[in-house]
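According to Swiss-Prot:
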- 45-628: domain 'Peptidase M2 1' (DOMAIN)
- Asn59: N-linked glycosylation site (CARBOHYD)
- Asn79: N-linked glycosylation site (CARBOHYD)
- Asn151: N-linked glycosylation site (CARBOHYD)
- Tyr236, Arg533: chloride 1 binding site (BINDING)
- Asn323: N-linked glycosylation site (CARBOHYD)
- His395, His399, Glu422: Zn(2+) 1 binding site (BINDING)
- Asn449: N-linked glycosylation site (CARBOHYD)
- Asn513: N-linked glycosylation site (CARBOHYD)
- Asn681: N-linked glycosylation site (CARBOHYD)
- Asn699: N-linked glycosylation site (CARBOHYD)
- Asn718: N-linked glycosylation site (CARBOHYD)
- Asn946: N-linked glycosylation site (CARBOHYD)
- Asn1195: N-linked glycosylation site (CARBOHYD)
Amino acid sequence: MGAAPGRRGPRLLRPPPPLLLLLLLLRPPPAALTLDPGLLPGDFAADEAGARLFASSYNSSAEQVLFRSTAASWAHDTNITAENARRQEEEALLSQEFAEAWGKKAKELYDPVWQNFTDPELRRIIGAVRTLGPANLPLAKRQQYNSLLSNMSQIYSTGKVCFPNKTASCWSLDPDLNNILASSRSYAMLLFAWEGWHNAVGIPLKPLYQEFTALSNEAYRQDGFSDTGAYWRSWYDSPTFEEDLERIYHQLEPLYLNLHAYVRRVLHRRYGDRYINLRGPIPAHLLGNMWAQSWESIYDMVVPFPDKPNLDVTSTMVQKGWNATHMFRVAEEFFTSLGLLPMPPEFWAESMLEKPEDGREVVCHASAWDFYNRKDFRIKQCTQVTMDQLSTVHHEMGHVQYYLQYKDQPVSLRRANPGFHEAIGDVLALSVSTPAHLHKIGLLDHVTNDTESDINYLLKMALEKIAFLPFGYLVDQWRWGVFSGRTPSSRYNFDWWYLRTKYQGICPPVVRNETHFDAGAKFHIPSVTPYIRYFVSFVLQFQFHQALCMEAGHQGPLHQCDIYQSTRAGAKLRAVLQAGCSRPWQEVLKDMVASDALDAQPLLDYFQPVTQWLQEQNERNGEVLGWPEYQWRPPLPNNYPEGIDLVTDEAEASRFVEEYDRSFQAVWNEYAEANWNYNTNITTEASKILLQKNMQIANHTLTYGNWARRFDVSNFQNATSKRIIKKVQDLQRAVLPVKELEEYNQILLDMETIYSVANVCRVDGSCLQLEPDLTNLMATSRKYDELLWVWTSWRDKVGRAILPYFPKYVEFTNKAARLNGYVDAGDSWRSMYETPTLEQDLERLFQELQPLYLNLHAYVGRALHRHYGAQHINLEGPIPAHLLGNMWAQTWSNIYDLVAPFPSASTMDATEAMIKQGWTPRRMFEEADKFFISLGLLPVPPEFWNKSMLEKPTDGREVVCHASAWDFYNGKDFRIKQCTTVNMEDLVVVHHEMGHIQYFMQYKDLPVALREGANPGFHEAIGDVLALSVSTPKHLHSINLLSSEGGGYEHDINFLMKMALDKIAFIPFSYLVDEWRWRVFDGSITKENYNQEWWSLRLKYQGLCPPAPRSQGDFDPGAKFHIPSSVPYIRYFVSFIIQFQFHEALCKAAGHTGPLHTCDIYQSKEAGKRLADAMKLGYSKPWPEAMKVITGQPNMSASAMMNYFKPLMDWLLTENGRHGEKLGWPQYTWTPNSARSEGSLPDSGRVNFLGMNLDAQQARVGQWVLLFLGVALLLASLGLTQRLFSIRYQSLRQPHHGPQFGSEVELRHS
């Protein structure tokens, strides 16, 4: 019985349960049956004539015994049961008893004389019969030996590997694990299959293999061999066998090294640096085969010229309806076309050509069987319809053809040099696999014989033939070491992997130790099948192929030869087969190839074209041949083994990305239209439609997000696909159950509606909306009580109404974040910046800017004190929040008239000129468009002018006035919604919004998932960068909004003060909004303390206090648009930092010289190009790369902002020093209502604390907290005073490394 080469072995198994394994090991040996006396040897003369009669008698008896033994083994291997195992062992014992009786008789009669017989055939027969092997053992040990073989076979053949945490899904080696190793490209899935099989089979086999080794050696030593390995090598009748093999291996090694280097490079492209070291061994599970012995299953990854016709005809076989029987008929027809024998009827009647579907456990490893009755020959194979298996079919049928040809030889001569037996079928497979032959049998449409097609074909063959050579060589190197004792059981695994790394250049993909027995995971080890035969075969088959091609009259390269239908070649092959082992194999080989030695030259000739090609490729890539970093090992994948079922096929991922992109544009366009309709006409009907579209979006997000979650992108080489899929995997709110999602959407809509339609009414019945009424009053009124009424009324109307919704909103937002794998919603929001140190980086930036803010705060406080008096302003306390010209005290530019450093200098505000010149909102947008165009950037499209809402409607519609820019995802429809007022402040906002539109237009050709800013702050910064130029007196003069460019020192300080009231005043507010929200999300701020903690942060960072008592019934954060609209706010802090970095870099590009605050990049194409190049990246790269495009470095830094405001900082230091200002607010408990806050409120049992109406206990806790803050602020103030006066004499341009972000207008595109 010839086994198919190990290269065609099985896949993954689960170890037997401990109880089953124990039963296997403890199963009592079968009772010894008695051999039929008629089968025992009689009396023969002790001479050559007697030996001839002895041999004849032995032959007839042996046929009967071997038939029974083989039939029992067949029954067991095609139906593994305890009963069949028992019968197999019984027959093995009988066979061994027969061998013992005849062997001992042969030794007794002929040992003194047999080597002198004149008949060489007779010498060979007697020599074979007298070798008893296991029959030398005493009965008990013989029974133990047979049980070991049966149990090892059973462990291997019934093993399973089970999917983690799923007991129902278990894989057998064939076909399951073999298919996974061949077809999966998932690193983790391959690792799980590989590790599972090696653990499931190897570990339980180790103790059995130790026992087997001892018994086998004991048996063969009694036949005169030093160990079992010596007996196996004796079959090759060559005293220099080992030296010859080593010589041949070294002759072939350069070809293997070049193939290894080429394949390693391709795997590196697929799996990256993490898993492939270009100077190290290849992880053993990545080569398409459980044992990395043949690599043809990864041909699709390494094919040199992928545009050439595919030489793997598997798909064609399937399309044409080939089945297992047809594959064997095709193979039979090849043999008969050479004039060789057809398969007998018994072959077709009795063979197992497919894996049974009746639940039987079988030994799937392909094998050919001789039943020794000269008519029954079978193949056992779990055949699958693949090209690889078509070669296996020819290989196995080669064994059967050998059986048929030598069946009339004596039993002892019905064999051959094992390498011959393995080579015959493969010789034919060399013809079958040629494109010419595949065309003949209808599996290739046409044959292309150009160089590129030849290289493709030869590389495919090399993946099978050359890749196998070191494995074919090392398996028995290891086994011979085990048999000889050089490798003790304590070093089984170490030596196994030493050899595999030394010869194959592979390494285990996971830690292995001596608990493991990885050699046992290879069929031929537990089945005790010698393996060096395959190495010999792989050399011999090319010698045979060359000889047969010459006989067939082939002309041309050896790799193109097809001996199909050559009866001359068949006749030459027949002579080899019929000889069996009746003659020395060297003689048979000489008759065949005209040489009596193994020779690798025909193999080298066959692969010469691809050898040269590989050398050229490797030289071009600077490959290191070999693996000098031989001790390198790959790390384990993240989320292993739980994530093993994820898809890692990049082609499938690309198809997903294309489909997602197509569907996204349609669905989101509809949603954007519905959202626009609602925002520009708030009605019940519009809200219903919007909610429907919201659910449609959620369904789309859920569908495609779950699809995306099937992919493991960790090893994707396509960075774009990887980035898109990772983004789509976040299901956002769509992850919520449907009912909860509907409730969540309704909460968000209700909160935004409350905010957008709110108005406050005077006593006289007149009502005012936020835009423009309340906003204008906050900006222009200087009446303390009027401002107080506006401030308080807005919060009473909006904040209090939103509070009931907010806790549930927090609950749903957190739940969605956690279901998406985040700690909480704050963690989710921060993840958009892809910066693990984001919070620390932001804090560092804030600390860098704090001195500038504290000086501005002190100066503005002094100016307000002059206007409102000591009754309302405490020079050592916080500033009342309603006096700073803005509803949220986030920007202070509207009180510039109160704080102008040099009031007599000409005004910096262009509002008056805009009104006088008849500017309209459209004119403001047209002016912004001109600015972008002057930089070489894109004009807004016609749809923008036709569809935008640039003014608040006068037809009575309720609208969301908050300015926002919109992308409708069709590449041409971009809009702005803004209740624009003709003033200087809104001119800046217009440029900000047009910056969003420009960003949309620049990245419109990217996949939709990447149509975002590099980070949220980038999107906010772009328009503000241009506004820094637009705001300069130089630019305002150029567009006729200022009478002069200014230019004097006083003008500069006035201008910088006005800019600081916008930019510097905003810094702490933009920092604290999400500080508060993140703490709400993480639970450190509870709903009972929403308002208290809000004002604690506003005091801490802004130095502000509420102008009226606040209670926990108030919800002042809710009076800020971004809170009820659930728009993250830290983007604006980031934007305000990076816009100055951008401005500084663009000014350099524009060739600006002089102070940074005087720069105007108008009409600079070079500045525009830098900006466009960064915007075109969208979200396709991490934000530091986009930062580098503009600034030449990847970090966020406050140095540009400090540089911009340095003249003002110097002036403020002088001015505050002159007045003896105390920086900060050491009297932090002061409020405008301090007189009332000293005692309890009348009849309430409550007290005023920090302007909030609290119970006594809450106030006491607050006092302790503020005491601590006061001490901290006092110390900080002392430190800052020293630091600030030193700053005057130092450059404020300090290097900084950190993140970036952008401005106070909502971005609606996502």
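Using the three backbone atoms N, Cα and C, a Cβ is placed for every residue, glycine included.
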Handout entry: Cβ contacts of Asn449 (N-linked glycosylation site) (under 8 Å, same chain, 6 or more positions away)
Key = Pro435, Gln560
Practice task
Would you list, in sequence order, the binding-site residues among Tyr236, His395, His399, Glu422, Arg533 whose CA lies within 10 Å of the CA of Asn946 (N-linked glycosylation site)?
Solution key: none
Problem - Alpha-carbon spacing, His399 (Zn(2+) 1 binding site) to Asn699 (N-linked glycosylation site), which is rounded to whole Å - result: 59
Fill in the blank from the handout: Asn681 (N-linked glycosylation site) to Tyr236 (chloride 1 binding site), Cα to Cα, whole Å, comes out at 93
Practice task
For Asn151 (N-linked glycosylation site), list the number of other Cβ atoms lying within 10 Å of its Cβ atom.
Solution key: 24
Problem - Asn59 (N-linked glycosylation site) versus recorded positions Asn79, His395, Glu422 - nearest by Cα - result: Glu422
Completion exercise
Averaging the pLDDT values of the domain 'Peptidase M2 1' (45-628) gives 94
Handout entry: glycosylation sites near Glu422 (Zn(2+) 1 binding site) (Cα-Cα within 10 Å), from Asn79, Asn323, Asn513, Asn718, Asn1195
Key = none
Exercise for the section: Show which residues of the chain containing Asn323 (N-linked glycosylation site), separated from it by at least 6 in sequence, have their CB under 8 Å from its CB. Expected result: Val385
Problem - Distance, His395 (Zn(2+) 1 binding site) to Asn513 (N-linked glycosylation site) (CA atoms, angstrom) - result: 36
Problem - When distances run from the Cα of Asn79 (N-linked glycosylation site) to each of the binding-site residues Tyr236, His395, Arg533, the nearest one - result: His395
Handout entry: Closest of Asn151, His395, Asn699, Asn718, Asn1195 to Arg533 (chloride 1 binding site), Cα positions, recorded positions only
Key = His395
Exercise for the section: Report, as a single number, how many Cβ atoms besides its own are within 10 Å of the Cβ of Asn79 (N-linked glycosylation site). Expected result: 16
Completion exercise
Minimal Cβ count within 10 Å, across the binding-site residues His395, His399, Arg533, points to His399
Exercise for the section: Using Cβ-Cβ distances, find the residues under 8 Å from Tyr236 (chloride 1 binding site) that belong to the same chain and are at least 6 apart in sequence, listing them in sequence order. Expected result: Asn417, Gly419, Val536, Trp585
